[in-house]
Structures are given as structure tokens and as C-alpha cells.
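So the structure is just underneath, and the comments pick up after that.
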Amino acid sequence: MPDITAVTHAQNIRYDKQAEALYIIDQTLLPGEEREIRLTTLDEMVEAIRALRVRGAPAIGICAGYCMYLLARDAWTEDRQAFLRKLTEDGEALNASRPTAVNLSWAIGEMMAVARARLQEPREVLLDALYQKAVAIHEDDIAKCKAISEYGLSLLKEGDGVLTHCNAGPLATSRYGTAQGPFLLAAERGMHIRVFADETRPLLQGARLTSYELQRAGVDVTLICDNMASIVMRNGWVQACFVGCDRIAANGDTANKIGTSGVAILARHYGIPVYVLGPTSTIDMNCPDGDHIPIELRDPEEIKTLWYEKPMALPEVKCYNPSFDVTDHDLIAGIVTEKGICRAPYTESLAALFDDET
Ligand code: MRU
């Protein structure tokens, strides 16, 4: 079986243990240039997440794990309470870089729990425990993405057309991806799935990243502008929509890249099922519904200039630039996690995913 993900980005986040150095592929430069950058300071880490150099909910979480390990090395002092205070402060600053994807606070919380539990251990033991946790977050994501991709693929049959929005592939995760994972698995198995990738305004993750990853992997991908989703559905070319997620509330309401809820509303009109694919770390059981999901507002310049900085609007025009929207749970046919496919009523099926953790 060919390893399709080998040509995508298994190394979007790379920790070099010998050099104690964290590298990410700068996603803002793709598809024109594939360049690794090194993240050393808290300011660089915050900037990289805020500027979308590393992006996609699971990838932000993975990156945050390694960031916390590096920050712990820098914060180290024999005064354990002072160490914990500094690491907590740094973790809060990192967490403030982007508000919507819950994977960021989840990963920081996981790292802080290790720091607290091992606080009285010698420096090397404590730091090693933090490093091992960061690696575990990374490796778990690889396994989760594979399982999500298998469950997602089980929803498709040979020749199906699928519409996707934004980027939820290897660049946004670790390997395979979530909403894009089934397409890569299908390609590995010689199954033909036709993918329609929304370009995803304003930052063009669909055009710059999704169509790039899928094309390189040999998937039959067609890039469309966001406002073309309706005609593609009306033409009968789409049998399902697969989208990623940044935070799923306890009732199944789902925040994902701006435009996702519009896709779901269109799909309802045409009778096409919409599936949300993501790891359980993206489910926030403390968030009752979509009204409680914090939505990131970004710089209006992202609308007024193209990615490559050509002005497209008068500088003084007012803009509203939410980075995510919420898709109501009743528009979602299923939520595909590494533990299986949840169906409505989501308050029950999502809660059941965590039964073994209480
Ligand atoms: O602003 P971005 O590019 O980080 O938004 C990404 C998305 O909305 C993805 O669909 C989501 O994070 C899932 S990635 C597996």
C-alpha cells in the first residue's frame, strides 16, 4: 500500500531532541515555499500561532505541548513554587494567542498537570516527564487521526464526491488529518473519491493548503471559490460534506472555519449529509452550546488585502472578520471521532465518549 502521507507533511511540527529545538513549517508561505522556522522564545511561539504559521486545532495543541516543555526549561529554578508560577504565566500567555480552538488550552492543561504532579522531582526527571508528555500528545494525535480517517472513510463509497472547507489535513494535525484523512486513506487503497475544496476566504487555507496537500497526494481534487459550493451541490456532484472542527460544545454545536455553517445550511437544502471530523480533544464538555464558544475576531486587513498584500478595498472601509462560525448541531449528520461516530442526540452520544474517563 503506498504511503500517501509521506508526500504530505508528516513533519509539520518537529522536535529535535539533541539540539532541544522546535521547528514548524511556516504555513503562511505555502504553497510557494516550504520553509521550516525555529521557535525559541515565548514571543515567537505566540506570534507563530497568532499569525497562523502553525494552525489547525490539533496542530496548535501539538505545538503547544513542545512549547510548554521549552518554556519549562527556561523557567527552571530550584524554587519550585516560583517555577510553577512562571510556567503558569507563560502558559496563560500562550493560551491567549488564539481563543477558539480548545486543543490549545487542552494541551497546555495536560502539560501543567504533569508539571504539578512532578513538581518535587529533580530537574531532569521533571523536564523529561514534560518532554514525554509533549511527545505523547503528538503521537496520540497520529493514532487518533488514523482512526478518525478510517471511520470517515466508512461513510463513503467508490466514486463519491465530497466537499470540504478550510484545511483539516496533515498540516493541521500530525499525519493524515481529520476531515481530509479519509481522502488520503482512500487514495492509498486505490479508491476514487472526488474532492471539492472550498478556497476558504479570507486566508485561503483551502486553496493554499488543502488543494496543495491533496494534489500532491494524488487525490482527485477540484478547487472552488466558497460561493461555488451551491452550484456544485445542485449539480449532484457532492454526496457528503466533511469538515474539521475547532471546538465542539456538549450539545454538538460546532465551531469551525468561517463559512462552515453556510456550507451546512446549503447541504441541508440539497439533502446532503454534513459530517464533522475531529479528535475528542476538540470536544469541550464544559461548553454547553455554540453561544458559549469564543469566536476569534481577526484583523480587517485580512479581508482588505489579498494574502499576497494587494489592496482589494478602500483602506477606510469597515470590515467584520470572524475567523470561525458555529454550525448548529441539528445540521450535523454525525460527529466522527477516534472513538467512533456520534449521532444525535449529541448531548448523550458525546457524553458517552468520556464515560471511561470518570
Ligand atoms: O484558522 P485556522 O486555519 O487555524 O482554522 C482551521 C480550521 O478551522 C480547521 O478546520 C480546524 O482547526 C480543524 S483542523 C484538523
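Cβ atoms here come from the backbone N, Cα and C positions, even for glycine.
Listed features, source TrEMBL:
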{"type": "ACT_SITE", "residues": "Asp246", "note": "active site, proton donor"}
{"type": "BINDING", "residues": "Arg55, Gly56, Ala57, Arg98, Gln205, Asn256, Lys257", "note": "substrate binding site"}
{"type": "SITE", "residues": "Cys166", "note": "site 'Transition state stabilizer'"}
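Positions of the features from TrEMBL, shown on the structure.
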| residue | record | Cβ contacts under 8 Å, 6 or more apart |
| --- | --- | --- |
| Arg55 | substrate binding site | Gln27, Ile49, Asn167, Leu171, Ala172, Gln205 |
| Gly56 | substrate binding site | Asn167, Ala168, Leu171, Ala172, Thr173, Gly244 |
| Ala57 | substrate binding site | Ala101, Val102, Asn103, Leu104, Ala172, Gly244, Cys245, Asp246, Arg247, Gly278, Thr282 |
| Arg98 | substrate binding site | Ile49, Arg50, Ile60, Leu104, Glu296 |
| Cys166 | site 'Transition state stabilizer' | Asp198, Thr200, Gln205, Gly206, Thr210, Val243, Gly244, Asn256, Lys257, Gly259, Thr260 |
Considering only the binding-site residues Arg55, Ala57, Arg98, Asn256, which possess a Cβ situated under 6 angstroms from at least one atom of ligand 1? Arg55, Ala57, Asn256
Cβ-centroid neighbourhood (8 Å) of the substrate site, Arg55, Gly56, Ala57, Arg98, Gln205, Asn256, Lys257 excluded: Leu52, Ile60, Ala101, Cys166, Asn167, Ala168, Ala172, Gly244, Asp246, Ser323, Phe324
Within 10 Å of the Cβ of Gln205 (substrate binding site), how many other Cβ atoms can you find? Include all protein chains, please. 27
Counting every protein chain shown, other Cβ atoms within 10 Å of the Cβ of the residue listed as 'active site, proton donor' number 31
Taking 10 A as the limit, how many CB atoms besides its own sit near the CB of Lys257 (substrate binding site)? 27
Among all protein chains shown, how many Cβ atoms are found within 10 Å of the Cβ of Asn256 (substrate binding site), not counting that one? 29
Based on the record's binding annotation for substrate (Arg55, Gly56, Ala57, Arg98, Gln205, Asn256, Lys257), what whole-number value in Å is the widest Cα to Cα distance? 17
Using DSSP, would you call Lys257 (substrate binding site) helix, strand or coil? strand
